[in-house]
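The next block holds one structure in the form of C-alpha cells; read it before the comments.
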Amino acid sequence: MALGRVGLAVGLWGLLWVGVVVVLANASPGRTITVGPRGNASNAAPSASPRNASAPRTTPTPPQPRKATKSKASTAKPAPPPKTGPPKTSSEPVRCNRHDPLARYGSRVQIRCRFPNSTRTEFRLQIWRYATATDAEIGTAPSLEEVMVNVSAPPGGQLVYDSAPNRTDPHVIWAEGAGPGASPRLYSVVGPLGRQRLIIEELTLETQGMYYWVWGRTDRPSAYGTWVRVRVFRPPSLTIHPHAVLEGQPFKATCTAATYYPGNRAEFVWFEDGRRVFDPAQIHTQTQENPDGFSTVSTVTSAAVGGQGPPRTFTCQLTWHRDSVSFSRRNASGTASVLPRPTITMEFTGDHAVCTAGCVPEGVTFAWFLGDDSSPAEKVAVASQTSCGRPGTATIRSTLPVSYEQTEYICRLAGYPDGIPVLEHHGSHQPPPRDPTERQVIRAVEGAGIGVAVLVAVVLAGTAVVYLTHASSVRYRRLR
C-alpha cells in the first residue's frame, strides 16, 4: 500500500512539471525549456526520476517562426506612411503665374508674383526691362522660372518699377511710361506687399522684351532675381489691289500683308480665274521691316493681256505662321480692269497750242511742259467733249498760249491709276517774231523803270545826308 501511494505521488508530480513546461513553452516563443539532456523540446522524453525533475535547465535558442493563425492581429494592414506634399510657399522665394506670356498687340498684360518671405519694413522690389533675350548686355538667353541668388540686374536695362523710389539711383534710365511723373503711364505695379501685379497697359513692340525681377531686403535688394519674357503677336491685315491696265498690257494684281509680328513667315499662293499660278517668274514677293512690324508685298503678272479677253479675277491666299505650331490663313480676291488706250494729238493754231486726247477715263486732265523745264506750265482750262463710245470715257481738249522763248511742248495726261505708263505727246513750234512797236514799248517801260529806281535811290540818299547833318548840329549846340 505504501509503495503504491509513493508511486502515485511521483506520477502526479511528474505530470505537474510536464504541464509547467508546456505552459512556459507557449508563453515565450523565444525560449525553450528542456528537461534532461540537451535537445529539442519535441524530442525530450519526460523523466519520472525525481532527481531529474527537480533540476531543470534552460537553454536559449533562436526564435522560431510561428505558424500563421486567423487572429485579428495577423490580418491587420500596416498603417500607410505619412504623405509628403510640395514644400510650403513660404519657403519659396517667388512664385509667378506667368513666366512666358504671349499676348496680342495693343492688349493689356498682367503678371502676378508672390514673395512669401517679404515684410512691410524690409522688402524691396525692382523690375528692369531689356529689349531682347539675347541682348549684348545680357549675354546668353536667361533661363525662365529659375531663381538666381545674389545676382544684380545686368547693365543695359531700363527701370520699370522700384518699390523704394527714394532710394533709386539718380543715374538709372527709366523706361518710357515709367518712373516719377511719367505721362501717359505705361507700367504700374499694384497689390498688397508680397503679392505684386505688374500691369503693362499696352503691349507693343517697344514694351515687349525680357523683364528682370530683383528683390530682397532693403539693405540687400539683389538677394534674388528671376526672368519673365513678354512676347507680342500681331496678325497681318490683308488687302488686294488688281491693277488697271491699258489694252495690250498684261494683267496684274498686288496683295499686301501689312503690320504683322513676328515676321517668321508670310507665304502667298496666287490663283488666276480659280487656277493656281505655279510659275515663279510670274510672282514677285518682297518683305520689309517697319517700326510697327513687318510688311510683305506680292505681285502676280498674268500671261494674258488686256483687250484680248474678259478681265481676269485674282485671288491671293496668305498663310502667316505666328510660331512653330500656330498659323492663320486668309484670302482676298479682286478683278482687274482694262482701260482703252487713248489717242493724243497736238496742233498749233495762231498763238495757241492745242492738245486733244480721246477715250480717257473720267477725272483725267492735262499737264503742259515747255522746253527742259520739269515743272508744269501755267494752269489751263480743259474742255470735255463728246464720248468716244465707251462708258466712263470722254474726249478732252486743252489750249496753251505759245511761248516766245521755248520751242518744245509736251502735253501729258494726268490722273491715270498707278501702274499706267506715262501718256504724253511732244511737239515743236518756232516762236513768232515780236512786233517792233511792241519791242519799243517794252524797252521804254524797262528804261522808265530803271530811271524811277535811280531817282528813288537819289532821294533816299539825300534824305539820309540831311538827317545826319541836322543831328550833328544839334549835338554840337548841346555840348557848347
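In case you wondered, yes, glycine gets a Cβ from its N, Cα and C as well.
CYS113 (disulfide bond) falls within a strand when secondary structure is assigned with DSSP. What Swiss-Prot records for CYS96-CYS113 (among others) is disulfide bond, and it gives sequence analysis as the kind of evidence.
Positions annotated as disulfide bond by Swiss-Prot, on the basis of sequence analysis: CYS255-CYS316 (among others). The Cβ of CYS316 (disulfide bond) lies under 8 Å from the Cβ of LEU238, ILE240, ALA253, CYS255, PHE268, VAL269, TRP270, PHE271, SER298, VAL300, ASN331, ALA332, SER333, each of which sits 6+ residues away along the same chain. Under the three-state DSSP scheme, CYS316 (disulfide bond) falls in the strand class.
Summarising the annotation, Swiss-Prot assigns disulfide bond to CYS355-CYS411 (among others). Annotation note: CYS355 (disulfide bond) sits in a strand segment as assigned by DSSP. There are 25 other Cβ atoms within 10 Å of the Cβ belonging to CYS355 (disulfide bond).
Under the heading disulfide bond, Swiss-Prot lists CYS359-CYS388 (among others), citing sequence analysis as support. In sequence order, PRO340, ARG341, PRO342, THR343, CYS388, GLY389, ARG390, THR393, ALA394, THR395 make up the list of same-chain residues 6 or more apart from CYS359 (disulfide bond) whose Cβ falls under 8 Å from its Cβ.
Annotation source Swiss-Prot lists N-linked glycosylation site at ASN40 (among others).
The N-linked glycosylation site annotation in Swiss-Prot covers ASN52 (among others), and the record cites sequence analysis as its basis.
Among the features that Swiss-Prot reports, N-linked glycosylation site is placed at ASN117 (among others), with the record citing sequence analysis.
Annotation comment: Swiss-Prot describes ASN150 (among others) as N-linked glycosylation site, evidence class sequence analysis. In this structure, ASN150 (N-linked glycosylation site) belongs to neither helix nor strand by DSSP; it is coil. Cβ neighbours of ASN150 (N-linked glycosylation site) (same chain, under 8 Å, six or more residues apart in sequence): SER222, ALA223.
The annotation N-linked glycosylation site is assigned in Swiss-Prot to ASN166 (among others). Sequence-distant contacts (6 or more apart, same chain, Cβ under 8 Å) of ASN166 (N-linked glycosylation site) do not exist in this structure. In three-state terms derived from DSSP, ASN166 (N-linked glycosylation site) belongs to a helical segment.
Residues or ranges marked as N-linked glycosylation site in Swiss-Prot: ASN331 (among others). In the three-state DSSP scheme, ASN331 (N-linked glycosylation site) falls into the strand class.
The signal peptide annotation in Swiss-Prot covers 1-27.
Sequence annotations record features per position, and here Swiss-Prot assigns transmembrane segment to 448-468 based on sequence analysis.
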Practice task
For CYS411 (disulfide bond), just count the other CB atoms lying within 10 A of its CB, please.
Solution key: 23
Exercise for the section: Drop a 10 Å sphere on every Cβ of the disulfide-bonded residues CYS96, CYS388 and tell me which sphere holds the fewest other Cβ atoms. Expected result: CYS388
Practice task
May I ask for the distance between CYS96 (disulfide bond) and CYS355 (disulfide bond), taken between their Cα atoms and rounded to an integer number of Å?
Solution key: 76
Handout entry: Pairwise CA distance, CYS355 (disulfide bond) versus CYS113 (disulfide bond), rounded so that it is a whole Å
Key = 76
Exercise for the section: Measuring CB to CB from CYS113 (disulfide bond), give everything in the same chain under 8 Å that is also at least six residues away in sequence. Expected result: VAL94, ARG95, CYS96, ASN97, ARG195, GLN196, ARG197, LEU198, TRP213
Practice task
Please report the DSSP secondary structure of CYS411 (disulfide bond), reduced to three states.
Solution key: strand
